[in-house]
Amino acid sequence: MILSMTKRLFRTNRRLCVYHNEIDHKRKTLLFLHGITGSAINWQAQFRKFSPEYNIVAYDLYGHGQSGRPKKVIECSMVQSVLDAQSVIEYFKLENITIIAYGYSALISLLLCEKYPKLIQKQLLINPIPYEQLTDVPWYLQWPFSWGYRFFRLNEAQVESQGNNSASLPRLWVIRAYYQALLSLPALDIHPSKLRIKTMVLRSVKYLPAKRERVDNFYKVFYRARVKPLESISPFPMRQSRTRVNHFLSQTIDELNIHAFRNLVFEGAGVRGIAYSGAITALESLGVLKNIHRFAGTSAGAIYAILLAVGFNAKDVEEIVSQLDYRLFMDASRNFISNSTRLITDFGWYKGDFFISHMAELIARKLGDGYIDFATMKKLTGNDLYIIGTNLTKECAEVYSAETTPTMQVVEALRISTCIPMLFRAVKRKDGKEENILVDGGLIWNCPLELFDDKKYMHNTLNALYDGVSNDEVFNTETLGFRLDPKEDPLKQMRKGSQGFHKIGHIFEFTREFMKFYSLASLKRHLEPSNWNRVVFVDTLDIMGTDFEISQEEIYQLIEQGKTGVYEHFSWRMSENGVKFPQ
């Protein structure tokens, strides 16, 4: 293990001693924070184990080890300690940070997470203390007990930390000053519901029940932390219990990060999109949905993107799709002439009004206004929604979102995206003197996986794979997409011969049969091999995308197929041959 030591003024009159290896910004960074009576060298066993694979940065707290000595109690305040840590982060330009903090320094970690929510990915806390105001410094630091503490407990700690590069333990008054900082802690401003930083706690089993309950309750409730037991009573478990501590760190630094997905993309699939409700249920049970705030979809996929974006949970979505009578989508007029006229003038047999009204009611149930625009929806939910349409006039795809069309109604975009040619009437939009014809986004971009392949959509830059062509264009592994395909080639049997006689006596029957073939052929559209790893494939059996007379049994079959597809995909990711999760 070869670490450099940097001793300098990181802030005015604040000399810190920092231990680090060569910083490579393509690697994760482990920032070590020691406890109140130790120094950075107490992490030696962890330096040796992790320095080959990670950036290692650890520094002596002010007044500890080889850092400068404070002259006043105020110099040991929590605010000053956090500013010291910030100066180290900024000096080395650290990114993708996992904080590993012991004892008192867990509080510094909490405040750093508040300051740098995008730079810090995780915090791993060993025997942390809860974030609570003290009414007085501990009794053993007060006279006359401090005399015994100084000569017995601190001497014991000194023996524990031998070999720490001649660094001396802090003086008793410095330790007392750090505890005095707990008399006036700065408030934690972040509400628990907004915390996105993963927190893990390794807590000694030797804690007294009252202390154990306080620690566990604070970190479990406020930070949704997972707490694991540590069988050690050493003041420096990273030294005496190095095997257990290293095992804990190895498990949690790079554990399967199933919660790291940020973008969800739904392919167009017609009625077969019912399978998405089962997939959403499976995603929610795995905890995948909690960090996703961008939803994109084409055609039927846009329906499910909207439901998630406005705030429906998996149970709601499954109830909505299983109780809906899909025959009502076929809202043609009662007379043949009106329908024929609509097909000739508006390029669709059905009006499509029932479906849009139904979706508006669902949106209103969550947001109060069924005809809300993209910008307002984002403001109310914090979620980004992207819907794909096709502009036949200009022969291009269009993306509707708060970025591109902020004042556009969400249901208007949905009407465009679900306008299956010849089935539902197309949308006509004036563009100056020209009239644009807008229809189903699936004609051009049925599975818009590449939509988020841009640097601006990255949460963690380590998840960006560069193609070397552009600095902004990346392959975003934080995106998870869905593709609904039958396992068997739906056209295979048709190539072998007749599948029976289907009478076509008028334009409606012609449209129905044509769209059946259109739907089947669309299943085999090209998907880049590089995208396969970030796509969940769902077997939709032999159910047609335009089968609006789908039975209740088939609805339940599709829901179960959606769940199966998700579980199989994540089982594969966790296997030896599976692709890694994003970080």
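Placed from the backbone N, Cα and C atoms, the Cβ positions cover glycine too.
Within the listed segments 297-301, 452-456, 502-506, TrEMBL records motif 'GXSXG' for the stretch 297-301. Long-range Cβ contacts of the motif 'GXSXG' (297-301) within its own chain (Cβ-Cβ under 8 Å, at least 6 residues beyond either end) map to 265-273, 276, 386-388, 417-418, 420, 440-442, 445-448, 482, 545. According to its DSSP assignment, ASP440 (active site, proton acceptor) is in a strand. Across the range of the motif 'GXGXXG' (268-273), the DSSP-based residue counts are 4 helix, 0 strand, 2 coil. Per DSSP, the secondary structure of the motif 'GXSXG' (297-301) breaks down as 2 helix, 2 strand, 1 coil.
Within the model, the motif 'GXGXXG' (268-273) shows a mean pLDDT value of 84, rounded to a whole number. With a cut-off of 8 Å between CB atoms and residues at least 6 apart in sequence, the same chain places GLY268, ALA269, GLY270, GLY273, ILE388, SER417, THR418, ILE420, ASP440, GLY441, GLY442, ASN446 near SER299 (active site, nucleophile), listed in sequence order.
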